[in-house]
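J.: Attaching a single structure in C-alpha cells format; questions to follow.
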Amino acid sequence: MTERTLILVKPDGVARGLTGEILRRVEAKGYRVTALSQMQATQEQLAAHYAEHEGKPFYAPLVDFMLSGPIVGIVAEGDRVIEGFRALAGSTEPTTASPGTIRGDLGRDWGEKVQKNLVHGSDSVESAEREIGIWFG
Ligand code: IDP
Ligand code: MG
C-alpha cells in the first residue's frame, strides 16, 4: 500500500478560511487526497490522538483549542507523504517556521499557552495508521 498520512486542519485554520489554501498546497505538491471530512473533535479522540503529550504544560490548552471549533480531517497518500507533508507544514512554532511553509506563511504567535499552528501531520507510519483510525474509523 502507498504511504498515507493524517492531516488535520486545526480550528484556527478552519476559522480563518484557510482549508482550501492548505488543501491546495497538498494537491499541488502531488499528493492524492483520499478522505476529507469536516468534524467536531471529541475529548476521547483528542485524548487518543495526543496521548504522547499528556502531562505537558501545553496539553490542556491544546485539547481546549482543538475542541474550540470544527476541524477538517484529511488522508493524503503518496510516496514519502509523511515526511513530505511535515516539510510543507514547517516547524511547530509559527513565528520561526520557514517562509514557504504553511505555518511559516500563514501562522503567527497569538500570545497563548498553545501554539495555534494551523495543521497537524503524522510523524511516522505507525502514528499515521493509528491516527487515521481515530479520525476515520
Ligand atoms: P507538531 O504538531 O509540530 O508535531 P508536537 O510536538 O507534536 O508538534 O505538538 C503538538 C501540538 O502541540 C503542536 O502542533 C502545537 O499546537 C502544540 N505545542 C507543542 N509544543 C508546544 C509548546 O511548547 N508550547 C505551546 N504549544 C505547543
Ligand atoms: Mg506531533
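Glycine too: its Cβ is placed from the backbone N, Cα and C atoms.
Pulled these features from TrEMBL for this protein:
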DOMAIN    2-137  domain 'Nucleoside diphosphate kinase-like'
BINDING   Lys10, Phe58, Arg86, Thr92, Arg103, Asn117  ATP binding site
ACT_SITE  His120  active site, pros-phosphohistidine intermediate
J.: Whose Cβ, among the binding-site residues Thr92, Asn117, has more other Cβ atoms within 10 Å than any of the rest?
T.: Asn117
J.: On the three-state reduction of DSSP, what should I expect for His120 (active site, pros-phosphohistidine intermediate)?
T.: strand
J.: Over all pairs within Lys10, Phe58, Arg86, Thr92, Arg103, Asn117, the annotated ATP binders, what is the largest Cα to Cα distance, rounded to whole Å?
T.: 21
J.: Give the number of CB atoms, excluding that of His120 (active site, pros-phosphohistidine intermediate) itself, located within 10 Å of its CB.
T.: 23
J.: Quick one: DSSP breakdown of the domain 'Nucleoside diphosphate kinase-like' (2-137) into helix, strand and coil?
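T.: Reading the DSSP string over the domain 'Nucleoside diphosphate kinase-like' (2-137) gives 61 helix, 24 strand, 51 coil.
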J.: Report, in whole Å, the straight Cα-to-Cα distance of Lys10 (ATP binding site) from His120 (active site, pros-phosphohistidine intermediate).
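T.: Given the Cα positions, His120 (active site, pros-phosphohistidine intermediate) is 7 Å from Lys10 (ATP binding site).
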